[in-house]
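Listed features, source Swiss-Prot:
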- Arg37, Glu38, Asp42, Arg150, Arg151, Gly152, His153, Thr154, Glu174: D-ribulose 5-phosphate binding site (BINDING)
- Glu38: Mg(2+) 1 binding site (BINDING)
- Glu38, His153: Mg(2+) 2 binding site (BINDING)
- His136: site 'Essential for catalytic activity' (SITE)
- Glu174: site 'Essential for catalytic activity' (SITE)
Amino acid sequence: MNQSLLSEFGDPIARVEAALAALRAGRGVLVADDEDRENEGDLIFAAESMTNEQMAMMIRECSGIVCLCLTDERVRQLELPMMVEANSSHYQTAFTVTIEAAQGVTTGVSAADRITTIRAAIADGARPSDLHRPGHVFPLRARTGGVLTRRGHTEATVDLMQLAGLKPFGVLCELTKEDGSMARLPDLVAFGRQHQMPVLTIEDLVQYRQLLSERSA
């Protein structure tokens, strides 16, 4: 990962701290994964505070596949089956069936409808009957152990929410360029500058979690 591009956002620990502060304030963050992995960047918001306007930005600036990152516990609570029984995707991305709020939505595809669906899924007393399947929101099941177990955007999202003291649910979508191609690190940095969003990497988050583990040992 080209650290010189990220230097304006501080060192790895400072970048994570800035991201946590932004999430607590209801703002978005940009997370890049390893260059030898997907080499992509995701726009991420806290599920509990995401607004219609932020969802509209995500739909406009990203790939359109809006994903709700959930813990395994929440997936079980909602009784969401996995999208496929035998996952053959290269990085084992753990999609469940897609969802829609059972009440309060129209077609389910608008920014407001997707926010309604997300709020239904993350409510404290959420039940399987609160959701219809299929829908326009794509839940992802995070692996237990977070980025120390799997260095994916799903795990990074849940880790960030937990470290920020928020509900362990986040919304992500892959940032794209105007021509529809995937945004890389230079594009993330430019987008972060334009929208005052912190930029960090999954490697930063791994280092941060390892440091916390060492301090508590």
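The first residue you see is number 1, and the count goes up from there.
Even glycines carry a Cβ here, placed using N, Cα and C.
With His136 (site 'Essential for catalytic activity') as the anchor, the candidate binding-site residues are Arg151, His153, Glu174, and the one with the nearest CA is Glu174.
In the structure shown, across all protein chains, His153 is the one of the recorded positions His136, His153 with the greatest number of other Cβ atoms within 10 Å. Long-range C-beta contacts of Asp42 (D-ribulose 5-phosphate binding site), restricted to its own chain and to partners at least six residues apart, with a cutoff below 8 Å, comprise Leu30, Val31, His153, Thr157, Leu172, Cys173, Glu174, Leu175. Secondary structure from DSSP puts Arg151 (D-ribulose 5-phosphate binding site) in coil. Mapped onto three states, the DSSP output places His136 (site 'Essential for catalytic activity') in strand.
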